[in-house]
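Quick look at what TrEMBL annotates:
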type	residues	note
DOMAIN	3-98	domain 'Mur ligase N-terminal catalytic'
DOMAIN	108-285	domain 'Mur ligase central'
BINDING	Gly110, Thr111, His112, Gly113, Lys114, Thr115, Thr116	ATP binding site
DOMAIN	308-437	domain 'Mur ligase C-terminal'
Amino acid sequence: MKKIHFIGVAGIGMSALAEMALLKGLKVSGSDLKLNNLTDKLSRHGASIFKGHNASNVAPDADIVVRSSCIKKDNPEMSRADELGIKIISRSELLKYIFDECSLSIGITGTHGKTTTSSMVAFIMDYCGKKPTAIIGGELEQFGGNFKQGDPDFVVAEVDESDGYFVNTCVKYAILTNIEREHMDYYGSMENLIRGYKSFISNISSEGILVFNGEDMILKNITAGIKARKITYGLAGNFDYTARNVSHDANISFDFIQRGKVLGKINSSIMGRHNVMNFLSAIGLSLELGVEFEKIKEAVKLFRNAKRRFELMGKSGNIDVIEDYGHHPTEIKTVIDTAKGYAKGRAILVFQPHRHTRTHDLSEEFISCFYGADILVLTEVYSASEKKSTGIGVRDIFERIDKTRFEQAEFLPKEKISNFISGIAKDGDVILLVGAGDIREIGAFILNELNIKKMSVIDNRLATAS
């Protein structure tokens, strides 16, 4: 194989695989409706990147075409590849091939925490000298992006469950974080989703290891009878790996326990109970693979989370602007809880739903997930190329929310949010921009308007004093 084309190349998972192909010496091309910093990086490395989807983007001599899960069958580049007789595979199929070609493979999956946990595992392994090839579902600044070239025979990757292809994926070691109702547009039922996860973990061989969240009752049920060695982690129960004396507000600190024995104190600059759980799984697997605990401690202390995972975009005085990729109701609750744990003022939540199907399918969960925020702002759905459905929409959800549980609750178009937020924010507040779409774009505007407001106050004070 010499030439490969990616349809939907700007996506976080696709761009990582495209970069990997480039570094292997393949000729790479790709297209997407919107280009970004990831496609700019690919261009700098020699890829031919096209804005928009057009049949002419597919070269007749391409050996293979890789499509993102959001690409429909009637896409002109898909049609052109069919006409030319070029094999078309999904991103998940390419990842399966990469796993099959290496002898030491680690796959991280689950409804929540995949990106953070895979980042933790890859960073710990890299810092401790194992030097894996890392394929991450987020941009890790310490790796320079969402891909890091390492030993081709040792791959750490996030395994996406959204398109169902992970049932065919086989890894030697896996972490399964949790299972909740998600991607019903593909699976149709919770039973089918659970069946998919069971197929994935059943593929792990008897020489392999499955590290899973022992607090999750679904996981406890589906892991019974699998061939792989089972390792549990959690905070509330008798698990192989757990933590005591936990602090997770301003940053994380806890005593790490391995099968009842205290190994030592873990300290990290990131925050949140959910990240204590993520660390337990990442550290636990690292120990099972022979990494020294003292080196792991050093790595954890240096680790910085992936972008868009409770990321501080900036500060204006004592007001923080945080961005988070959360798009599931449970993730939104976690973001609010994390913010409330350290905020001196109010938690101001701005949420942009991601996909019409998810908004409809999880509408009941969305109605109740925002409580805990002091001020709520909802905006229109980021469609991610989906056509608008006739089902339950974000405006319906907003109408059913109990507004009396907030100091203020508003439904606003995206372009009006920054002006509204800058007008109400006070010292000590934490502004949370949450969603998997383009809500991040308003962060810079909010910070700019807050800084203008702050300078205006200073000017008025100086004028009064004089």
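Glycine is treated like the rest: Cβ placed from N, Cα and C.
If you count neighbouring Cβ atoms within 10 Å for each of the binding-site residues Thr111, Thr115, Thr116, the highest count belongs to Thr116. The binding-site residues in question are His112, Lys114, and the one with the fewest Cβ neighbours inside 10 Å is His112. Here Gly113 (ATP binding site) comes close to Thr177, Asn178, His274, Met277, Asn278: these same-chain residues lie at least six apart in sequence, with C-beta atoms under 8 angstroms from its C-beta. In this model, the domain 'Mur ligase N-terminal catalytic' (3-98) carries an average pLDDT of 95. In sequence order, Ile108, Thr117, Thr177, Asn178, Asn278 are the residues of the same chain, not among Gly110, Thr111, His112, Gly113, Lys114, Thr115, Thr116, whose CB sits within 8 A of the CB centroid for the ATP site. DSSP assigns Thr116 (ATP binding site) to a helix. DSSP gives Gly110 (ATP binding site) a coil state; it is part of no helix or strand. Counting every protein chain shown, 23 other Cβ atoms lie within 10 Å of the Cβ of Gly110 (ATP binding site).
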